[in-house]
Each structure stands twice: as structure tokens, then as C-alpha cells.
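Okay, structure first, notes after.
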Amino acid sequence: GIPCGESCVFIPCTITALLGCSCKDKVCYKN
């Protein structure tokens, strides 16, 4: 539930995905 500062509208989460973030509502979130 914490925004990671990366969007995933056109491409999936990349750098933040390494930190455990996942795509939700076009934004990368962690918990």
C-alpha cells in the first residue's frame, strides 16, 4: 500500500519491482 514513485501504465514496474513493489491502479505499490 505504499507508493513507490513509479507508474506502470505502459510498462511494468522495473526498478521498484526489485524493491518488492507491484503494479496496482497504474502505480507501483509496496504493501
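Cβ atoms here come from the backbone N, Cα and C positions, even for glycine.
Copied from Swiss-Prot, the annotated features are:
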- Cys4-Cys21: disulfide bond (DISULFID)
- Cys8-Cys23: disulfide bond (DISULFID)
- Cys13-Cys28: disulfide bond (DISULFID)
Task: Cys4 (disulfide bond) CB neighbourhood, other CB atoms within 10 A - done: 19
Open item on the list: Quick check: of the disulfide-bonded residues listed here (Cys13, Cys23, Cys28), which one has the Cα closest to that of Cys4 (disulfide bond)?
Closed with: Cys28
Task: Nearest-integer angstrom distance between the alpha carbons (Cα) of Cys23 (disulfide bond) and Cys13 (disulfide bond) - done: 6
TODO: Would you mind reading off the Cα separation of Cys28 (disulfide bond) from Cys8 (disulfide bond), to the nearest angstrom?
DONE: 6
Task: Alpha-carbon spacing, Cys21 (disulfide bond) to Cys13 (disulfide bond), which is rounded to whole Å - done: 7
TODO: State the count of C-beta atoms found within 10 angstroms of the C-beta of Cys13 (disulfide bond), not counting that atom itself.
DONE: 21
